[in-house]
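Asker: What TrEMBL records for 4-319 is domain 'FAD/NAD(P)-binding'. Sequence annotations record features per position, and here TrEMBL assigns disulfide bond to 41-46. Annotation source TrEMBL lists FAD binding site at 50, 113, 140, 141, 142, 304. Taken from TrEMBL, the feature NAD(+) binding site covers 177, 178, 179, 180, 181, 182, 183, 184, 200, 266. Among the features that TrEMBL reports, domain 'Pyridine nucleotide-disulphide oxidoreductase dimerisation' is placed at 337-446.
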């Protein structure tokens, strides 16, 4: 039986990053993966959606080319080519991970892993085998939740897994859920000329985000023809004459006729290969401490299987924390995690929102800077949205930042670093930013905390 320092169940963002870091630090490492490396993020989530969102951005640009003096005489959509490009992007990245495994000496074992005990893993695949391990990292991820509704088993009721790889685009789709996945899919489908309706049981979409940002996004969604039904509950899905009937309970009972229904109501942990372990659980996920250690010594868990924000970058960071602790470095898990929505326009948030800071008892200052006052944004015709910075009134320390608009998910990193370094808005405002850039808007928002923004 071959022996390893670390055996990792799952080759997604948590598992593969942990494996590479472990190998870099001299640990003999094996990754057991039954499917394709990269996990949900690379194969059926983050990367496919961002690939399609690039397509949709180009469509939006085409529709307004005349504003830039470029006359375009119509265009057409080729969904098979879009899918093919998405698959090419995914294949390139999965191949890249396999190459990194080879470069760093990580053993990728294809098959279903089952933890026998804290020092032994059984693998069922083309060739059944067992491996001995000193430590285990569980990185089995999550899967879409399908609500317990009548009609959820109909062929045209899908999850996010199928939504990104349909043979052909539907004319109409109803999305159950106004969270991150639902909103991103609505942005994609509406841009591809699909009639989109979002049904959200709560009184608003993206309820965990700053509502100023959400207001900007809602305006854009409505402009793009997306229908938002909030405080509305899907009670049943029926099929009649080759179309679906979605029955909804709100202020009044109503029904919507559609071609597809996408369930985007959340995700649940995947416990494949670990069901026989007596691990302590919390709210349906594996409970871990700040070092990613489970209730069983020598077994760690990272990523979606532990709950949290269910984000790929969170999983990767946790994977590195787990490896460092296996080596005895006692690194503490970092809870400063940027939360992004890859919609049109993009939304990004890090640290506290205005509401959260007030709930924590802080006296706060707020700075805002709109992209309509940014030279770079105006030149690019991307004036939608703003940057918002929250700071502690007493010490001027930055508590949080929210951005809605062009490249929000890229710009948020500057705010994350500032918060990580316990920076003040004065330091951020006095940092010289290149001109003209979108990042100047972050600087000006910091200046606006003290009513000193120059360009607004």
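Cβ coordinates come from backbone N, Cα and C, glycine included.
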Asker: Suppose we draw a 10 Å sphere around the Cβ of residue 177 (NAD(+) binding site). How many other Cβ atoms does it contain, all chains included?
Answerer: 24
Asker: Taking Cα atoms as reference points, rank the recorded positions 41, 50, 113, 141, 142 by distance from residue 183 (NAD(+) binding site) and give the first.
Answerer: 50
Asker: Counting only other Cβ atoms and using a 10 Å cut-off, which of the binding-site residues 113, 141, 179 scores lowest?
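Answerer: Looking at the binding-site residues 113, 141, 179, the Cβ with the fewest others within 10 Å is that of 179.
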Asker: How do the residues of the domain 'Pyridine nucleotide-disulphide oxidoreductase dimerisation' (337-446) split into helix, strand and coil according to DSSP?
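Answerer: Looking at the domain 'Pyridine nucleotide-disulphide oxidoreductase dimerisation' (337-446) with DSSP, the answer is 40 helix, 33 strand, 37 coil.
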Asker: Identify, in sequence order, the residues in the chain of residue 304 (FAD binding site) that are 6 or more apart from it along the sequence and have a CB within less than 8 Å of its CB; answer 'none' if there are none.
Answerer: 14, 40, 141, 142, 267, 269, 270, 310, 315
Asker: Within 10 Å of each Cβ, count the other Cβ atoms, then let me know which of the recorded positions 41, 46, 183 comes out lowest.
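Answerer: It is 46 that, of the recorded positions 41, 46, 183, has the fewest other Cβ atoms within 10 Å.
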Asker: In whole Å, how far does the CA atom of residue 140 (FAD binding site) lie from that of residue 177 (NAD(+) binding site)?
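Answerer: Residue 140 (FAD binding site) to residue 177 (NAD(+) binding site), Cα-Cα distance: 24 Å.
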Asker: Cα-Cα, whole number of Å: residue 181 (NAD(+) binding site) versus residue 113 (FAD binding site)?
Answerer: 29
Asker: Can you check what DSSP calls residue 142 (FAD binding site), collapsed to helix, strand or coil?
Answerer: strand
Asker: Helix, strand or coil: which one is residue 200 (NAD(+) binding site) in, per DSSP?
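Answerer: In three-state terms, residue 200 (NAD(+) binding site) counts as coil.
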Asker: Of the residues named as FAD binders, 50, 113, 140, 141, 142, 304, how far apart in Å are the Cα atoms of the most distant pair?
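Answerer: Of all Cα pairs among the recorded FAD binders, the widest measures 30 Å.
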Asker: Can you figure out which of 41, 46, 177, 179, 200 (the recorded positions) comes closest in space to residue 113 (FAD binding site), comparing Cα atoms?
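Answerer: When the Cα distances are compared, 41 comes out closest.
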Asker: Please find, for 177, 178, 179, 180, 181, 182, 183, 184, 200, 266 as listed binding NAD(+), the greatest distance between any two Cα atoms, in Å.
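Answerer: Across 177, 178, 179, 180, 181, 182, 183, 184, 200, 266, the two farthest Cα atoms sit 14 Å apart.
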Asker: Within 10 angstroms of the C-beta of residue 140 (FAD binding site), what count of other C-beta atoms is obtained when all protein chains are considered?
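Answerer: Residue 140 (FAD binding site): 27 neighbouring Cβ atoms within 10 Å.
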Asker: Validating a neighbour-count step here. Other CB atoms within 10 A of the CB of residue 200 (NAD(+) binding site): how many?
Answerer: 25
Asker: Determine the minimum-neighbour residue: among 50, 142, 181, listed as binding-site residues, which Cβ has the fewest other Cβ atoms within 10 angstroms?
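Answerer: Comparing Cβ neighbours within 10 Å for the binding-site residues 50, 142, 181, 50 has the fewest.
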